[in-house]
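What follows is a set of notes on a single structure, which appears directly below.
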Amino acid sequence: MTELQSALLLRRQLAELNKNPVEGFSAGLIDDNDLYRWEVLIIGPPDTLYEGGVFKAHLTFPKDYPLRPPKMKFITEIWHPNVDKNGDVCISILHEPGEDKYGYEKPEGRWLPIHTVETIMISVISMLADPNGDSPANVDAAKEWREDRNGEFKRKVARCVRKSQETAFE
């Protein structure tokens with residue numbers, strides 16, 4: 001896939017999301033002149049600890065998208081087993097295609113060129129509702145989620161939700 005084809009695909013996906021918004025998130029370009037860097041706002045899913053949160057993240061697409069997955073990084077602080085302390089999201093759908101050298105993921109769960117920004121965001125929203133404790137990016141958050149979900153983990157998430165509400169539209 002050429003860079004031009006990649007850019008056209010990203011432009012089409014952005015136009016589709018603006019024309020037919022998907023519940024739970026919105027997306028736009030960080031810079032109108034750069035189709036490869038997007039900003040997304042994710043609304044914490046109802047009936048989860050993240051409910052009411054407004055979390056800002058960036059998606060950075062490779063020039064050969066969709067052959068390779070984008071990278072996603074939360075800009076808003078978030079306490080979650082599958083988000084490392086730098087904000088980088090670690091879920092299967094964002095991992096390079098092919099075999100997992102550690103044997104945790106099946107190839108069909110990893111990146112496939114048929115995925116879109118919409119499928120990525122639906123996966124991230126699902127991740128917020130149901131963390132994967134077996135493959136954590138934040139070991140401390142995963143430990144708290146397993147051992148003290150309604151105690152320390154819940155308090156840290158609540159603090160992140162409050163902070164996200166205060167800084168959502170800065």
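Every residue, even glycine, has its Cβ placed from backbone N, Cα and C.
Summarising the annotation, Swiss-Prot assigns N-acetylmethionine to M1 and lists similarity to another entry as the type of evidence. Look at Swiss-Prot and you will find T2 tagged as N-acetylthreonine, backed by similarity to another entry. Swiss-Prot lists 5-166 with the feature domain 'UBC core', giving sequence analysis as the kind of evidence. Annotated active site, glycyl thioester intermediate per Swiss-Prot: C90, in sequence order, evidence recorded as sequence analysis.
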Here the Cα-Cα span from T2 (N-acetylthreonine) to the residue listed as 'active site, glycyl thioester intermediate', rounded to a whole number of angstrom, reaches 27
DSSP-derived class (H/G/I helix, E/B strand, else coil) of T2 (N-acetylthreonine): coil
